[in-house]
Amino acid sequence: MIKQRTLKNIIRATGVGLHSGEKVYLTLKPAPVNTGIVFCRADLDPVVQIPARAENVGDTTLSTTLVNGDVKVDTVEHLLSAMAGLGIDNAYVELSASEVPIMDGSAGPFVFLIQSAGLEEQDAPKKFIRILREVTVEEGGKRATFVPFEGFKVSFEIDFDHPVFRDRTQSASVDFSSTSFVKEVSRARTFGFMSDIEYLRKHNLALGGSVENAIVVDKDGVLNEDGLRYEDEFVKHKILDAIGDLYLLGNSLIGEFRGFKSGHALNNRLLRALIEQTDAWEVVTFEDASTAPISYMRPVAAV
């Protein structure tokens, strides 16, 4: 049986919020079966919990924000991408502020944290959402689609009219039966244009952004001294973002996601459209792991 997974141990980290610039304390904790991923604002009394579900998404302007009433948690997508990539079904994410720390702008540090905490299988079957037919949403020349696929695949195309992007791959398709999320996707960093960052800072956004946690592009090229981690790091980061956004379904996917210039808003619209169209998907479990179209790394012991 493919079983649900949680963390073996509690683990903590400190970072800054990308948009707030605030110092944030992050604690990842194990959770019981069928809990899902739950964000907890530990700085509030009483603590406010926000389950990582598509219906709890509020603002999607620059990141994916979860809301519960007037309480929010910003920038959840990179941590959720790491949770999805490592097959974590159940965990509590405690935060001391309203934003998940940006770390280095990728999911890599979160992968390291989760692997350091160790993974533990739980005595309950892991639930997958299997796509049964195509579902598409479009808006302003952007498109996001689910199609049936025996496995998990993410295809993405970006289209930036800028020399840095024109000279590099702007499309990628990753089939996770043959490609490692950890090696090929998790280290892709978020990116931004110098001109946009100056505008955002005037509006009290991207206050924590720097070349330490983002790829910064100006009219001449990439400003980061070390350059890119992957030749196709820009589109790979869009795939990373999409994996995090898709995990707001609450379960791992069996199917393919195709994005064309899609962002957090359209990704969430696609999830909501899928949820409403109940004939387009089903929940499945696997008694025999060898028959499943998706496999996960064996649980690792805590470091």
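Every residue, even glycine, has its Cβ placed from backbone N, Cα and C.
Database features, via Swiss-Prot:
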type: BINDING; residues: HIS78, HIS237, ASP241; note: Zn(2+) binding site
type: ACT_SITE; residues: HIS264; note: active site, proton donor
Task: Residues flanking the Zn(2+) site, with Cβ no more than 8 Å from the Cβ centroid of HIS78, HIS237, ASP241 and excluding those residues themselves - done: GLU77, SER81, GLY105, SER106, ALA107, ALA188, ARG189, THR190, LYS238, ILE239, LEU240, GLY244
Task: Spatial separation of HIS264 (active site, proton donor) from HIS237 (Zn(2+) binding site) - C-alpha basis, Å - done: 12
- [ ] Have a look at the binding-site residues (HIS78, ASP241) and report the one with the fewest Cβ neighbours inside 10 Å.
- [x] ASP241
TODO: State the count of C-beta atoms found within 10 angstroms of the C-beta of HIS264 (active site, proton donor), not counting that atom itself.
DONE: 22
Task: Per DSSP, three-state class assigned to ASP241 (Zn(2+) binding site) - done: helix
- [ ] Measure from the Cβ of HIS237 (Zn(2+) binding site) and count the other Cβ atoms within 10 Å, all protein chains considered.
- [x] 27
Task: HIS264 (active site, proton donor) and HIS78 (Zn(2+) binding site), Cα-Cα, nearest whole angstrom - done: 12
